[in-house]
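This report concerns only the one structure given below.
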């Protein structure tokens, strides 16, 4: 529309629009650019001052001091010169350029955000520009976060265009923000502290401590007294009566006797050789025969056994062979006391000559 009125009852009544752009046309673009740079420097200095807050204060004190700093910033921030403003209005489908004929209150460059709502009532239009006055405009307020996030970048490009400079292209990050504005999510409420399950204490039964050891009663003492009993001794044979032992006949040639292994040898080992030659057994037989004949005199007249034939006792104590006529070596006569022999036989068991006397097993007492 180049000429007419908008927001009249004939056209459908008042129209709700929002500000999508704002510019000062009563001052040069160079002046506005310098003021913009000064405001940026001031904002940077204010931000550094906020970062240097003294520690040790509570959160309420920090919030109150921050609000005071914002008020001081608004008071000390260099304002833009104000002469005449031009606005870019949109109802969501179409966009129209507007200009204030009389100053509109609460519309300030650098303070009024984009997205601010206006209600137009019978606003005249000249050459496609709406002429705004306080009588035909109602200010409603509000803002649009998406538009406000890019307001400074659009204002800077508008100033460069007025000064004949090429417009700046937004970098990838700014372009992405323009397409997808970042909306801060609301801060979630602090979660309540986790609840701890109540601790249940179990009462232990009153039981005697020694009750647990009843089944571990120590064994009786007779079981602990472990003793190794020696094997029962064999009964000793009774000694023969004197004069009842018959005389031995002449010995015959016999091969060498060999020891027969017995249980005692297997137990205690064959540490002593039991092999004896025939000459030794012959001498034993001669001594036994002389002792049993009744004395030295009877032994000298009794025949002695030799390898070839009979032999006699010579007057000098030697044995003379009848076949060869040679005198054998003298024979020692050993007298045996019957009392000592009986005592030994009664006290200790008799063992064969081929067996060893078993060792006495010590008794180990393991009782307490």
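Along the chain as shown, residues are numbered 1 onward.
Cβ atoms are placed via backbone N, Cα and C, with glycine included.
As recorded in TrEMBL:
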| type | residues | note |
| --- | --- | --- |
| DOMAIN | 12-151 | domain 'RecQ mediated genome instability protein 1 OB-fold' |
| COMPBIAS | 45-55 | compositional bias 'Basic and acidic residues' |
| REGION | 45-80 | region 'Disordered' |
| REGION | 167-205 | region 'Disordered' |
| COMPBIAS | 187-196 | compositional bias 'Pro residues' |
| COMPBIAS | 229-240 | compositional bias 'Pro residues' |
| REGION | 229-271 | region 'Disordered' |
| COMPBIAS | 295-305 | compositional bias 'Low complexity' |
| REGION | 295-368 | region 'Disordered' |
| COMPBIAS | 334-345 | compositional bias 'Acidic residues' |
- What is the pLDDT of the domain 'RecQ mediated genome instability protein 1 OB-fold' (12-151) when averaged and given as a whole number? 82
- Message: With helix taken as DSSP H, G or I, strand as E or B and everything else coil, how many residues of the domain 'RecQ mediated genome instability protein 1 OB-fold' (12-151) land in each class?
- Response: 46 helix, 39 strand, 55 coil
